[in-house]
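Novice: Starting off with a structure, shown below.
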Amino acid sequence: MKTKSDENENEKIILKDNSYQNLDDLFKHGWYTFFICLLLQCMIINQCGNMFYMAYSGFVPRIISCGSFNMTNLSQNEICQQLKNITISENCVPEAEADFGSINLEFKYFCEEKYKIKTCISIEMIGVVLGSIIGGQLSDYYGRRRIMLLGITFATIFGVIVSFSQNILQIMVTRAFVGLFNGTTMVIVVVFVMENIQKHDRVWLINIITWAPNIAIYAGIAYLAGEWRTLARSLSVLTIPAILFCWYAPESPRWLIQKGKLDEAKNVIVRINKINNRKVNEETINNIIESEFNVSKVQTKNGNKKYSFYHLIYTKHFISYIGTLAFTAFVSSICNYGIMFNMEKLSGSIYVNMIITAALRYPLNLAVAYADKKFKNLGRKVVMITFVLSITISSLIIAFIYYINKSVEFVDIIRLLQLLIMTFTSQLYTVGSICSSELFPTPIRNMAFAVNQLSSRIGTTIAPYFFYLAVFQENVPYLVMALITTISASAFYFLIPETKGHPLNEQMPMKKDSIFRRKKEKDESSSMLS
């Protein structure tokens, strides 16, 4: 005979199971969320370190003298113009100083030779581009976790190898491989995290555990390392926890369901609930998995169809989404890395500049995360357009200062605005990633993110050379920044719908919505008429 307490307990269990209506409900806050946060943080310190490595290791030192010739009062351009004649007349080797023991300082790449380092950076970024393409495709085919683990492991190995390089060619080759595997992990980790947390946790998590504080942490690591070889080894050692977390992490249940691996998905969900110290009725889990799979199966034919990049332009809406997001990612990298890979253009210490950037970025990220939770009507579009136009305004102010020849008098204002531009780009990356995950369905979500990463890395590849536009006039780079950010803001306003509060899209569009089907039907109609 059931007692009243037994009936109450059964009622609690029923209510508890009724609270799990879809896959998103199974990712409620718990120890697994904390684990995902730790994994993301450990991955970011490696990714951030690899992307910022050449900002330190490729830092151009300042020549202070050559023989009896004192150069402390000359600008870098004046030094390089006179250096060749001085070395011949004085028969001397230039003496240089720098905050960090860079490759340039060790190999004496001061003037024309410094372009070798810019080329090295571009080659590494090409590696990142290829890694973004390959990583996104492989993770959609073979799983997020497996490819992410391989990427982070090999990035660490080549990070150690680069520290033993004896010439610029060896550095170029090894850093290219670091870039390849770093690009692989960068394209996967955000999607992996998005698929393992609830939709209302996406913004605050990506804004709290982000690159901003890690920029400051990495500045401290670089300061303690002191030179480029030690820095490379230090970063590899600090990446070991990321490898261990990736090894322990389960595969994404969303990916498993989309691939029709329902038993594996069930085991992963049971494991996640075990980590969270929660008991969810087995029937409830099965129902949720079946429901999610049925939605996916409508378009994937038994959950096993392979999609390609072609499907990113399957409809006119997809074309506008991917075009706008990819261009915005390109603009973000041009603005951010254009300044970062040309740190010699900024006054002050490289460590201080990096820490200031982090100090500006992190409170901004926290403020945006808080505002996103507090104000339900504050959408993705408003945040994105606000910060894109902030870069536009900052660029125009710098361009105007150079135009009126007041760059010496307003050097501190220029420095602050340059650092603010780098700061504002963090929101472009964050909101762009979130919109990409929310706009595209699961089967092609990672490929969409890969295309955005590709576009971003193309921008990063060009970025080391961006400030050579100043050969025409000092303010030209900033005028170009203002132009491309204005285009980006306009495209985002007109072409991207608001996605805040919407669940992740699980369904591919119907064949009748395809632009290629419409074109085919139109061609057939024309043929019949003729």
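Here the Cβ of each residue, glycine as well, is placed from N, Cα and C on the backbone.
No curator has checked TrEMBL annotations; they are predicted automatically.
This is the feature table in TrEMBL:
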DOMAIN    51-500  domain 'Major facilitator superfamily (MFS) profile'
TRANSMEM  31-53  transmembrane segment
TRANSMEM  147-166  transmembrane segment
TRANSMEM  172-193  transmembrane segment
TRANSMEM  205-225  transmembrane segment
TRANSMEM  318-339  transmembrane segment
TRANSMEM  351-370  transmembrane segment
TRANSMEM  382-404  transmembrane segment
TRANSMEM  416-435  transmembrane segment
TRANSMEM  447-470  transmembrane segment
TRANSMEM  476-496  transmembrane segment
Novice: May I ask which of the stretches 31-53, 147-166, 476-496 has the most CB pairs under 8 A with the transmembrane segment (447-470)?
Specialist: 476-496
Novice: When you check the transmembrane segment (31-53) against the transmembrane segment (476-496), do you get at least 3 Cβ pairs under 8 Å, counting only pairs 6 or more apart in sequence?
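Specialist: Counting Cβ pairs under 8 Å, fewer than 3, so no.
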Novice: Please work out whether the transmembrane segment (382-404) lies in contact with the transmembrane segment (147-166), by counting C-beta pairs under 8 angstroms that are 6 or more apart in sequence and asking whether there are at least 3.
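Specialist: These two segments do not touch.
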Novice: Among 147-166, 172-193, 205-225, 351-370, 476-496, point out the range having the most Cβ pairs under 8 angstroms from the transmembrane segment (318-339).
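Specialist: Most contacts with the transmembrane segment (318-339): 476-496.
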Novice: Report, as numbers and ranges, every residue of the chain located at least six residues beyond the transmembrane segment (351-370) whose Cβ falls under 8 Å of a Cβ in that stretch; write 'none' if there are none.
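Specialist: Here the qualifying positions are 52, 55, 99-100, 203-204, 207-208, 210-216, 218-219, 222-223, 343, 383, 415, 419-420, 422-424, 426-427, 430.
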Novice: Determine the mean pLDDT over the domain 'Major facilitator superfamily (MFS) profile' (51-500), rounding to the nearest whole number.
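Specialist: Over the domain 'Major facilitator superfamily (MFS) profile' (51-500), the predicted model scores a mean pLDDT of 87.
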